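Per Swiss-Prot, the features are as follows:
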REPEAT    22-79  repeat '1'
REGION    22-365  region '6 X approximate tandem repeats'
REPEAT    80-141  repeat '2'
BINDING   111, 123, 201  beta-L-fucose 2 binding site
REPEAT    142-206  repeat '3'
BINDING   164, 176  beta-L-fucose 3 binding site
REPEAT    207-261  repeat '4'
BINDING   231  beta-L-fucose 4 binding site
REPEAT    262-309  repeat '5'
BINDING   283  beta-L-fucose 5 binding site
REPEAT    310-365  repeat '6'
């Protein structure tokens, strides 16, 4: 189920005049102070939809939205309640066209993951643009480390989608959790909840020990008919950022991506295809001791080089990344806390072959 992407004409709308110069003011600053410093940040997109998830000071997971303009991010945009200082991960399936007898609606399937107060995994789910419900993951009481970060992906499939979550256990190993969705479970939630469909959530691969509190990033992409590749990134006890690769058959060691990163570095990753038939390009974002966010890149995974992105962030800032584009045009979006309105989440964009600031701070700013 290949992710749909923006075209260059739609990309331009990400830079309206109001996004490039954002006025402050007491109301804006008060609203932004409700965003937790060092909040987990997660981002998903499809076609012209973008969603950003962060945590407020009361533990709520809030959703900010971009659909040609920014909205959301307020208290009434809370989709779940998490443990304080919870990591946040999100995954989205393709944009789908749903037709009812009375209307036609565009739906984006989204899953958002977080830690509950007892350090078990929680899930908020949406199969439309407005309706959220508690996902089935909450029933499994999967215990993870109190310092665990999270990553999540919808694995592309021509038959049915598969969900994967990556977390750190109490013994500091990195664990994969998975859910293979049956066709029946793709019905509207009101029907799916009454049907026992799919194989349920399961523990899958374990990648061994990692640095306690490491960031975790994951991405996935199609590599051919009914085949996909998943890549997972985390930090080892010697502070290297390493890669694990699943080639639709088994996991392998992808080697070292970053030789030395900030302990418990934030991590984000995204991928894109510059030219059909060429290897997939991958970008990984990580933190340094002096609180900069840097970029590593590879084309096909043969070697890693230093990317162009470099920007300072607040000491505990996390990072999220998405890509909109293909066929020679790619437009990466990064989300970090870089001090805008103190706690605001800022957007940085690779657009027309250079990095530039997108919106100074996403809603509630």
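Placed from the backbone N, Cα and C atoms, the Cβ positions cover glycine too.
Note that the coordinates shown come from a computational prediction; the quantities given were computed from them, not determined experimentally.
Of all the binding-site residues in the list 111, 123, 164, 201, 231, the shortest Cα-Cα distance to residue 283 (beta-L-fucose 5 binding site) is found for 231. Distance noted between the C-alpha atoms of residue 164 (beta-L-fucose 3 binding site) and residue 123 (beta-L-fucose 2 binding site) is 12 Å. Between the binding-site residues 123, 176, 123 has the most other Cβ atoms inside 10 Å of its own Cβ, all protein chains included. Applying an 8 A CB threshold to same-chain residues 6+ apart, the list for residue 111 (beta-L-fucose 2 binding site) reads 90, 91, 92, 123, 124, 125, 126, 135, 152, 154, 163. A distance of 12 Å separates the Cα atom of residue 231 (beta-L-fucose 4 binding site) from that of residue 176 (beta-L-fucose 3 binding site). Annotated beta-L-fucose 2 site 111, 123, 201; additional same-chain residues within 8 Å of its Cβ mean position, judged by their own Cβ, are 113, 121, 125, 135, 136, 137, 138, 163, 165, 179.
Long-range neighbours of residue 201 (beta-L-fucose 2 binding site) (same chain, six or more residues apart, CB within less than 8 Å of its CB): 136, 137, 140, 142, 177, 178, 179. In the three-state DSSP reading, residue 176 (beta-L-fucose 3 binding site) counts as strand. Across 111, 123, 201, which the record gives as binding beta-L-fucose 2, the greatest C-alpha separation is 14 Å. In the predicted model, residues of the region '6 X approximate tandem repeats' (22-365) average a pLDDT of 87. Helix, strand and coil content of the repeat '1' (22-79), in residues and according to DSSP, is 10 helix, 26 strand, 22 coil.
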